[in-house]
Every structure is written in structure tokens, then in C-alpha cells.
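Chemist: Found this in Swiss-Prot, in case it helps:
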TRANSIT   1-59  transit peptide
BINDING   LYS238, LYS457  substrate binding site
MOTIF     370-373  motif 'DXDD motif'
BINDING   ASP370, ASP372  Mg(2+) binding site
Amino acid sequence: MASLSSTILSRSPAARRRITPASAKLHRPECFATSAWMGSSSKNLSLSYQLNHKKISVATVDAPQVHDHDGTTVHQGHDAVKNIEDPIEYIRTLLRTTGDGRISVSPYDTAWVAMIKDVEGRDGPQFPSSLEWIVQNQLEDGSWGDQKLFCVYDRLVNTIACVVALRSWNVHAHKVKRGVTYIKENVDKLMEGNEEHMTCGFEVVFPALLQKAKSLGIEDLPYDSPAVQEVYHVREQKLKRIPLEIMHKIPTSLLFSLEGLENLDWDKLLKLQSADGSFLTSPSSTAFAFMQTKDEKCYQFIKNTIDTFNGGAPHTYPVDVFGRLWAIDRLQRLGISRFFEPEIADCLSHIHKFWTDKGVFSGRESEFCDIDDTSMGMRLMRMHGYDVDPNVLRNFKQKDGKFSCYGGQMIESPSPIYNLYRASQLRFPGEEILEDAKRFAYDFLKEKLANNQILDKWVISKHLPDEIKLGLEMPWLATLPRVEAKYYIQYYAGSGDVWIGKTLYRMPEISNDTYHDLAKTDFKRCQAKHQFEWLYMQEWYESCGIEEFGISRKDLLLSYFLATASIFELERTNERIAWAKSQIIAKMITSFFNKETTSEEDKRALLNELGNINGLNDTNGAGREGGAGSIALATLTQFLEGFDRYTRHQLKNAWSVWLTQLQHGEADDAELLTNTLNICAGHIAFREEILAHNEYKALSNLTSKICRQLSFIQSEKEMGVEGEIAAKSSIKNKELEEDMQMLVKLVLEKYGGIDRNIKKAFLAVAKTYYYRAYHAADTIDTHMFKVLFEPVA
């Protein structure tokens, strides 16, 4: 098929660099004050916009050109020209070699491994490489812990553990002394620390290590300081609540911190050991268990772990489930997942292999599962067509109706509940557990935001509150891919995000600056092309006299934005332009049909003229002279001329059906749009029987029904304040919700006889209708600016 993008852009004066100042202005909605300077002789086209009187620079349009693989001339911003293949290849390699997951070493866990005595009875450590790791990794201030981010809980628990390990073997007394000094000077900071950032089990393991230090004769530690006494008090209160009988029977989170507990029945606990020999993937807990039991499986887990990390031990291992799930999530939200589809498929296959009816944990084959990993896994697998039973979430629903990350959780944190909220939105009909989850999660998160209690116990992320706030304001059905990507590029901190376990830790599969750099580069490249296409769309608007039909430039911008925010890829110009033009041409013809002066004879004449266009032969210039009807037909004819013969034939048939419907007062814009997208994408080329397939017809009928309801709601919204109130009520209509759930089910499930890419077009179109009905006009204006014009920082 000849490239429509090549045809339309080569005809454009913008492409030929003969742009007049009048036709080249990037017209913005009335809410923006716009100024542009575009001269045909300028080498660098400078554009700027003022939003609320604040000057904002805009990605340049007149920039170096590169040629896309389809032959289209693509404008690139200067910063976006740099090669993206290297970061893509780096990320592909990262995903392909994930293995058990990449994670930073924990001094705390390494110290517990270093404390293990030689199994042959010699006077020395069984794992001297772990002791050496401690020696080599003391920080300049005498502490151990995350060097880039200070967290008092992390620094103190790491430092006391390393001090105890060194003293256990009476080595490096000067390092022990420096560590003790650090603890003395910083222990009072515990009184000021954020409770939400307390490392896992700190109140249990820190006192246990102090007792161990005292038994080793380490003097000068602040054993009796008020801060330490407060930790002891919290420990006593927690231990009173620990159901020791239950923890010996079923896997609980307490298996993660056995080294801080007393009076344990090891015969019972060994029955709860994971298949890999660990206790809930924790090297420190497993090291303590080995000290008490000399269990061979514990030993093998510890040895395998330190061999992997050159003597060090992370706070948890493996992290194969956690690493893969969050990597996919980050790549999707950043808008760059399309570069890694085979790798993502492999990652999800790995997750599916270890999925259970209890859910999943951060590491595979764990009997203990949590709501965070389970929610993320359920959502991502469902999005990719896996059959996942949402009733797995019942494992985390308490008797009072609340959901918890895991049983016995003391402080519920925002991030796991936010992932529950996100998962709950991919609901199929009849899935009441997801309705319960959505209601609970929404209320929980709203309350956290209202009370400014958004600090998280699992991750330190600067923009987490912004992310959650936006997620509540913009649910999945009312989110368009490029809008989500633009915001997430703004919020994603890359390596700046730090995770909280027993210690602070980092994971390159999740928090990676290369992800961020690639996302920004890709967005700039796409945005530059979108701006170039917008220039062409404005010229088309002028040359076709579209304004005469009561269609404003803002209407044109909205149509182009909806298309671009949904299908943004560089190579999909054909579909974007066809989407935007089809919406505008349909408005033109509808305007002509609705005029009081338009007779039935005029309507039939237009339909007959369309019939004179033979899709398998050259068009005959129908309708190039005359009034509004002729102008509308000429615009449609010109649109069809941009395609090869067979595509033109298919599109003409789609428009003929739509015009016949319009003549009878029941035009189906959504059907026209989805058919146009699938035709232009080549999904049904030479396979017209797909249009008659039962599944295709079911999708088409359901999408049309949904879009008609949403169009009515949109009309209500435009009637002022009362209309907006009515629209908010209407969009929560039970029938509409159930129809959307059914559409999501039909599109996402792998079952059926038609390609998923064909089905995705129906959901993409329906989501744009939902988006318009859901959001206020000012919000949409903001999104248009961010996606099309605001440069990536």
C-alpha cells in the first residue's frame, strides 16, 4: 500500500519549506495566548506559547530531518536526533538477562552471613568473602548503608550489624570503633525519623543486635538512651501481638525477620522453608536459621546468594517476580514498551509459570504472597491476554471488608493499595471482588491524600503523591496512552527511587536512568513529528474551507489530539491522519445534512456522487464545484485519493454505509472510525470477510452503543453547570459501566477468531469517547498542550 503519510506530507508546503506566516501558525485553543515566528528563510523555527502569562518554550518544528522506514520525512527536534538504538539494546539485554533479578547488596544481611561460624569447627567465618565485603564497604563517616540517601533506620541497622559481625571475629577494631561512634552520634535521630520509612522489622532486629553487641562486650554503645528505650518499648508491644502459634503453622511475614525473635520451634519452622532453602527469601533470616539448625538447604541458599553477589547478600533474593513486573510497568507507563515486546512476553511467561491461586511474592515459589506483587501481576497479565482469576485478591480481604498488603500488617501503605486500585479497573462483568477492591482503594487513597499521609513504607519516591493524585483523577478508561506517558516521564525518578526492605535497596530493572532517557528522547522524536503533522492538518483545514461548516480550529486540534494521544508511534501517520480527518469530514457532512436548506434530494445526490467514485479505479474529481455538499464531497474524495486502490475501495464502502445511516438519521461515527483505523492499519487488507465475522460485529455493535451513550453525556456536559452535574451522574450509569466491562473483556481476552490488534482499535476509540465525556474542557486543553506542544524537560 502506498504510504498516505508520504503522499500528504510531500504535498504539504510545510514539507517543502514554503510556509507562509499565516498558514504556519500553530493555532491553540482559546485558553492559550499564542505567538509564533515562522519565516521560510529561518534555519531554526522558534516557537513559544504563553499559558497563564507564563512563557513556555515549545519543541522546535523546523529541525533536522531524518527519514522513517516508510519513506516519510520526519522532523526531529535537535535533542531527539541522537541515536536511540544503544539504550534500546541495553534495555533489551537487561530484560533478557534478568534471571533471579538484580538488586543492591544489604550490609545488614551480609553481616548476618559473615557471623556464621566455620562448619568444620575452625575458628573463623564460614564465608570470609562476606566479612571482607563489610570491611571494604564502610562509608567515610563510619557507617554502613545507602551512600546517596540518608535514612536513620537504614544507617543504624546496617551499622550495628556490621559492627557486631566484625567484633564477632575480633578484626578491624578501628572500623568497629568508628561504627560505634557513628551509632552514638546518630541514635537520637530515631526520635525524628519518619515512621513510614522505618526499615522492615527494625523495631525487632535492632534491639536484638544491641543485645548481641552487649554480649560481645562492645562498650560505649547507647544501650540506655531514650531513643533506644523507645525502640525496646515498641518491640515489646509488637512481640505481644505476634501470634507465635500461627507463625509456626502457616507462612507469615514473620519468617522474614526470624533473627529478631525468641523461643522459636525450629522443627515446625523448617516445614515452612521455601523450596530454594530460604525463609521468605531473606538471607539474614536464613543465616540465623542455619546458625540454629545447620540445615543443608539453608546453607545452599546462602552459598548460592553470596556467590552471585561476590560475598555480599541483598535483603531479599530472588527478586525475579518483582523485578520483571515493575520493569514492564515502568516501560509501559513511560511509553516505550513497544520496543521490547518479545522481552515483555518472555517476562510475563515467567510470571505466569509461577502464578498461584494465592497470588505471588517478590520471589518465585513462595507460599507467602502479598497484594502488591499480586495486583501488579494480575493487571499486567490480564492486559496481555492471560486468563487470570481476580478472586485471588480475596486472599487479602479482611473480615471488615478492608484489603491489606498481607495478614498482620500494622501500617497500611499507599503504594500497594494504589496498585490494587489500578488492577481493579480492568474489570470484566460480574467480578464483584474488583468492585469491592476499587471502592476500598479509592476511599483509602483519597483519605491518605486529604490527610497528607502519603509517605510510603516500601518506596521513597518524590512524586508518588502526584502519581496517586493523578491516578485518582484520571482512571484507566479515561486515560489516553500519550497523556499517561507525558505525566509519568515527569514523575519517574529513575535511579532516584529507593526501595525500603530490611535496608534501603535499589533495583536497576525498575529504577533506571536509561529508561528515563529513552522515554524522553522517544517522546521528543514523536512530538516533533506530531507538530509537523499538525502544520499539515492546519493547511488542509484552510484549503478545504472547513471553517464554513462551523468547525473551528479547536475542533480540528481536538480531533488530531485524540488520534495522536491514542496512536502516537512514528510509523503510524496513516492511522493518525485518517482518524483526525475522518472525524472532521464526518462533521462536515453531518453539518450539511442538518442544514434546513438541505433537501432530501441534495442528500441523495451526495450519496450518489460517492457511488460514482470507483474505489478500484482513479477517482473522477466528483464534487469539485458547487455548494457545501460539493465541498464536503470534494474533501472526502481528496481524502480517499491518498490511498492505494484497494484501501480506497474498502474506505469508500465504509463511508457509503455511514452516509446511508446518516440519511436515515442514525449515523454511527464510532463504527466508521474503527473500520477506518483497521483498514488504514492494513489489518483487514484483502480479508473483507472479517467485517462480517461474528466477533467483529459484536465488538462493533457494543462499541457503537457505548459511544452513543458517551456522546449523549458529552452533549449534556456542554449545557453548562447543570449539564456537567448530569454528565457526572450519567457516566456512572450501571448499564454503561457493564458495557465498558464487556468491551474490555472482549478486547483483552485472547480467545476469539480475530487478531487482537483489530480488537484494540475498538477499545482505543471507545476510550477517546469516554475520555471526552469524563474530563472537563480545561483538563483536556491542558492535556493537549502537554502532549503536543510542551517540551520534555
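Each residue, glycine too, has its Cβ placed from N, Cα and C.
Here the structure is a predicted model, which means the values were calculated and not measured.
Help me picture these features in the structure, burial and contacts included.
Modeler: According to DSSP, LYS238 (substrate binding site) is assigned to a helical segment. Of all Cβ atoms in the shown protein chains, 14 besides its own fall within 10 Å of the Cβ of LYS238 (substrate binding site).
Applying DSSP to the motif 'DXDD motif' (370-373) sorts its residues as follows: 3 helix, 0 strand, 1 coil.
Sequence-distant neighbours of ASP370 (Mg(2+) binding site) (same chain, 6+ residues apart, CB-CB distance under 8 A): GLY359, PHE361, SER362, PHE396, CYS405, TYR406, PRO416.
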Chemist: If you skip the near sequence neighbours and keep only those at least six away, which residues in the chain come within under 8 angstroms of LYS457 (substrate binding site), Cβ to Cβ?
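Modeler: Listed in sequence order: GLU196, HIS197, MET198, ILE411, SER413, ILE500.
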Chemist: Using a 10 Å radius around its CB, how many other CB atoms surround ASP372 (Mg(2+) binding site)?
Modeler: 26
Chemist: Where ASP372 (Mg(2+) binding site) and LYS238 (substrate binding site) are concerned, what is their Cα separation in Å, rounded?
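Modeler: Counting only the Cα atoms, the answer is 23 Å.
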